[in-house]
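**Student:** Quick one: this structure, given as structure tokens, is what I'll be asking you about.
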């Protein structure tokens with residue numbers, strides 16, 4: 001019976017990880033240049049920072065990293081690895097790696113909420129605030145667009161649903177600190193890129209004055225943090241209410 005239970009647990013873990021891998025493939029595709037036209041590639045290559053000045057791409061890279069950490073966590077939870085970690089020091093796995101992963105998960109969730117909520121309304125109602133170039137050759141195809149602006153958020157919510165997440169005081173503090181550091185980083189990185197490119201990454205930011213731009217960037221990060229806190233607590237409530245299993 002014990003062997004059957006272990007097999008069932010391993011099968012369930014494999015199923016969860018298969019979905020993670022599918023998400024990961026979509027995310028990597030979104031971060032690639034495979035779907036880009038020659039005009040888009042030239043545009044990126046001719047500007048300082050290439051694609052890496054955009055909030056969307058930076059958060060996408062963080063999401064990919066978080067998914068890889070999640071898969072690593074699953075590997076560390078297999079019986080063979082746990083037995084091996086017992087021989088070394090199991091606390092390394094529990095107290096260090098899991099804390100890094102949990103903080104990365106919650107921080108990236110906040111950023112992806114921010115990206116999704118900002119991008120799609122602007123894309124539908126005011127696309128010129130996202131990009132001044134609206135010619136067909138500069139448009140992102142629908143599937144890669146979702147790989148960049150929708151699937152990252154879905155994958156982070158999936159991670160929260162399928163993991164045993166403990167939103168402790170320590171985790172909340174580390175998430176607040178990491179989100180604050182990110183907002184300062186992005187403002188600084190955007191400012192540096194604007195010196196070389198003579199404009200900020202998005203027309204929305206270029207059209208603002210310096211003070212308003214600073215307030216806007218830090219404010220939306222705070223909003224993303226608050227919404228992320230709400231989403232995580234909602235997920236925890238749903239999991240407790242319906243006794244959803246995790247792996």
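Sequential numbering from 1, following the chain as shown.
The backbone N, Cα and C atoms fix where each Cβ goes, glycine too.
When I checked TrEMBL for this same protein, it listed these features:
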| type | residues | note |
| --- | --- | --- |
| TRANSMEM | 21-38 | transmembrane segment |
| TRANSMEM | 58-82 | transmembrane segment |
| TRANSMEM | 103-122 | transmembrane segment |
| TRANSMEM | 142-161 | transmembrane segment |
| TRANSMEM | 173-192 | transmembrane segment |
| TRANSMEM | 212-238 | transmembrane segment |
**Student:** With Cβ distances under 8 Å as the criterion, find the stretch in 103-122, 142-161, 173-192, 212-238 that has the most pairs with the transmembrane segment (21-38).
**Tutor:** 142-161
**Student:** For the transmembrane segment (173-192), name the stretch out of 103-122, 142-161, 212-238 with the most CB-CB pairs under 8 Å.
**Tutor:** 212-238
